[in-house]
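> What TrEMBL lists as S-adenosyl-L-methionine binding site is TRP11, LYS15, ASP59, ASP190.
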Amino acid sequence: MSEKQRAFLKWAGGKYRLAQDIRKNLPPSIPQGACFVEPFVGAGSVFLNTDFDRYLLADINPDLINLFNAVKNDVEHYIQQTQALFLASNANSKTFYLARRAEFNASEDPFQRSVLFLYLNRFGFNGLCRYNKKRGYNVPFGRYKTHYFPEKELRFFAQKAQKAEFICADFEQVFAYLREKNDNYIVYCDPPYAPLQQDTNFTQYAGGGFSLEQQIRLAELAKQAAFNHIPVLISNHDTEFTRQIYQGATLTKIRVQRSIGQKAESRGKVAELLALFTKNGE
């Protein structure tokens, strides 16, 4: 692909900067017609910057999958409704934002939730997606001076999404699905990252956390899939813990500019790993 494509969402941990490195570290020989699978699709930057005939894209967050399907199914109607919200005279005010957040949390209408989700994402704080224990969206107002409506990015996403299936599922369910099918798959996993320090609380997602036990389980599933000729690439922080659980994989170390953090001084370059699991180094 020549031009890098941005996701229409702002997203903590988004892979726009890493897209080229991820492509370079995929297996060199990929069967024609292979399906690219992402159990942690997030904003979709890897999906947008790869070129496969088929995609299976999953996330545990139902609001995210609902949004992607709304854009895929009728992008013109989606743009019309969402742009009107962005252009409201007081759209960039805390009062308006909090009212829309309350409306989102009270709504059971899938399309209305998809429209409000994009507004909350673009006007909320720092690209975060966060819920309380009652599944209420609780990201604070972002206080940005200007706002961009991602019409171009929405149209590109909708066009490419015609080759994709979006499902709400956790990583265990995705790998179980792959085991049941006799097909050519290649998997990229972008889990909530293992903490750099034990007191780091930045793996909260979709109302819960991603535990160290889940990190270990994901690595086990990747090894099992690779044994069955399904290559799996995982990205994570480069720590002693991740190197231990990714033993047997081909490891590539990269340094990435941190773009999401509570404090400006914490937004330096961080060492990350790309771990490729294949059968006998295929």
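Positions of Cβ are set from backbone N, Cα and C atoms, glycine also.
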> Quiz question: given the binding-site residues ASP59, ASP190, which has the greatest number of C-beta atoms lying within 10 angstroms of its own C-beta?
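Compared across ASP59, ASP190, the most Cβ atoms within 10 Å surround ASP59.
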> TRP11, LYS15: which of these binding-site residues has the highest Cβ count within 10 Å of its own Cβ?
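Ranked by Cβ atoms within 10 Å, first place goes to LYS15.
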> To test your reading of the S-adenosyl-L-methionine site: which residues beyond TRP11, LYS15, ASP59, ASP190, same chain only, put their Cβ within 8 Å of the Cβ centroid of those residues?
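Checked against the 8 Å cutoff, the neighbours are GLY13, GLY14, GLU38, PHE40, VAL41, GLY42, ALA43, GLY44, SER45, VAL46.
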> Can you tell me whether DSSP puts ASP190 (S-adenosyl-L-methionine binding site) in helix, strand or coil?
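Looking at the DSSP assignment, ASP190 (S-adenosyl-L-methionine binding site) belongs to neither helix nor strand, so coil.
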> In three-state terms from DSSP, label LYS15 (S-adenosyl-L-methionine binding site) for me.
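In three-state terms, LYS15 (S-adenosyl-L-methionine binding site) counts as coil.
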> Can you tell me the three-state DSSP label for ASP59 (S-adenosyl-L-methionine binding site)?
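Looking at the DSSP assignment, ASP59 (S-adenosyl-L-methionine binding site) belongs to a strand.
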